[in-house]
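Engineer: Per TrEMBL, the features are:
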- 2-375: domain 'Amino acid transporter transmembrane' (DOMAIN)
- 20-43: transmembrane segment (TRANSMEM)
- 76-95: transmembrane segment (TRANSMEM)
- 115-132: transmembrane segment (TRANSMEM)
- 144-166: transmembrane segment (TRANSMEM)
- 178-199: transmembrane segment (TRANSMEM)
- 211-233: transmembrane segment (TRANSMEM)
- 253-281: transmembrane segment (TRANSMEM)
- 293-313: transmembrane segment (TRANSMEM)
- 319-339: transmembrane segment (TRANSMEM)
- 359-379: transmembrane segment (TRANSMEM)
């Protein structure tokens with residue numbers, strides 16, 4: 001919930017004005033809600049009215065919804081969508097790592113691609129990750145580094161408090177720029193693809209809803225405070241990545257922290273994607289597909305694939321935006337609300353049905369607008 005996207009929130013406020021502050025709060029509420037209804041789809045009531053976990057993954061939910069059309073159609077669609085998003089996320093971390101190393105050591109005669117290869121070498125131990133516990137420890141370190149970055153930026157902003165002015169907020173906004181802001185704000189909260197695994201690994205799954213409420217609340221407070229203080233400091237000069245606005249003596253420190261964060265962030269999407277691919281391949285009874293050596297080969301191949309794609313995909317940022325508009329909106333808004341309506345229709349109240357339908361429509365509009373804008377930019381580049 002506190003990923004690299006957070007560093008783009010001040011830029012989102014630049015283009016969305018006062019409405020951006022409202023969007024940060026609204027996005028937190030919506031993403032928290034879709035997370036809850038997604039997990040609700042994992043459970044069914046037995047004859048005694050007790051809730052039992054009858055499904056384990058996003059794929060199981062999709063298969064249950066599409067079983068009349070095809071027993072495995074829903075799962076295939078969800079798996080492909082999830083793996084696409086996770087692969088693009090891993091590639092982004094490699095690209096960002098190369099970029100940060102290049103800017104941190106500008107006097108070293110190396111290209112960004114070479115730096116990306118160096119970053120890749122440090123990620124090789126990822127092939128030996130077998131459990132979510134290791135990933136969670138790395139994620140804790142990632143969170144610590146993230147808070148250091150936020151603290152450095154906000155401390156500098158508070159030293160410039162004499163320059164703050166609410167007059168820096170825009171009253172009129174450009175529609176396309178506003179859509180970019182919506183995308184940045186919404187996708188800074190996305191975590192739905194990890195939730196079924198996370199809930200299944202909790203010591204007390206009954207606390208999941210409370211955990212989701214508190215994490216989204218604190219994420220919302222931190223995002224709002226960070227975006228607001230940074231935007232009030234730099235105003236119209238706010239850059240896409242806010243750390244680029246810092247003085248040069250702080251930029252190097254923050255860039256190295258960002259590099260550490262990117263490398264520590266890589267294992268989570270990597271683990272999720274490889275587990276998904278391995279589970280799909282090893283479903284057959286063939287014992288060779290269930291051996292530890294084969295699992296190691298899957299993880300190694302995936303690691304190499306992300307490096308090759310990071311080095312050779314042109315116009316990566318635009319392709320990432322296009323993929324995010326398709327997969328991000330689908331996994332966060334469209335599918336959770338659709339699955340919830342399908343599986344729980346008879347038990348939902350009128351207000352709950354209205355809420356799910358509203359979320360679906362909103363997600364569809366955000367996805368459509370993001371796709372149109374991304375394709376337009378790609379056509380402009382290739383035109």
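All residue numbers here begin at 1 and follow the chain in the order shown.
Glycine is no exception: its Cβ is also placed from the backbone N, Cα and C atoms.
Can you tell me where each of these features sits in this structure?
Structural biologist: Note on the transmembrane segment (20-43): residues 9, 12-13, 51-56, 58, 60-61, 64, 181-182, 185-186, 188-192, 195-196, 199, 208-209, 212-213, 216-217, 219-220, 223-224, 227-228, 332-333, 336-337, 339-340, 343-344, 355-356, 359, 362 of its chain, located 6 or more positions outside it, place their CB under 8 angstroms from a CB of the stretch.
Within its own chain, the transmembrane segment (115-132) is flanked in space by residues 94-95, 97-99, 101-102, 197, 201, 259, 262-263, 266-267, 270-271, 295-296, 299-300, 303, 307, 310-311, which lie at least six positions past its ends and keep a Cβ under 8 Å from the stretch.
For the transmembrane segment (144-166), same-chain residues at least 6 beyond its ends with a Cβ under 8 Å from one of its own Cβ atoms are 2, 6-7, 222, 225-226, 229-230, 232-233, 235, 242-243, 246-247, 250, 253-254, 257-258, 260-261, 264.
Non-local neighbours of the transmembrane segment (211-233) in the same chain are 1-2, 6, 9-10, 12-14, 20-21, 24-25, 28-29, 31-32, 35-36, 150, 153-154, 156-158, 160, 163-166, 168-169, 188-189, 202, 242, 245; each lies 6+ residues outside the stretch with a CB under 8 Å from one of its CB atoms.
Listed as Cβ neighbours of the transmembrane segment (293-313) (distance under 8 Å, sequence separation of 6 or more from its ends, same chain) are residues 87, 90-91, 94-95, 98, 113, 116-117, 120, 123-124, 126-130, 270, 273-274, 277-278, 281-282, 319.
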Engineer: Test of understanding: applying the rule of at least three C-beta pairs under 8 Å (pairs 6 or more apart in sequence), is the transmembrane segment (76-95) touching the transmembrane segment (253-281)?
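Structural biologist: Output yes: the transmembrane segment (253-281) sits against the transmembrane segment (76-95).
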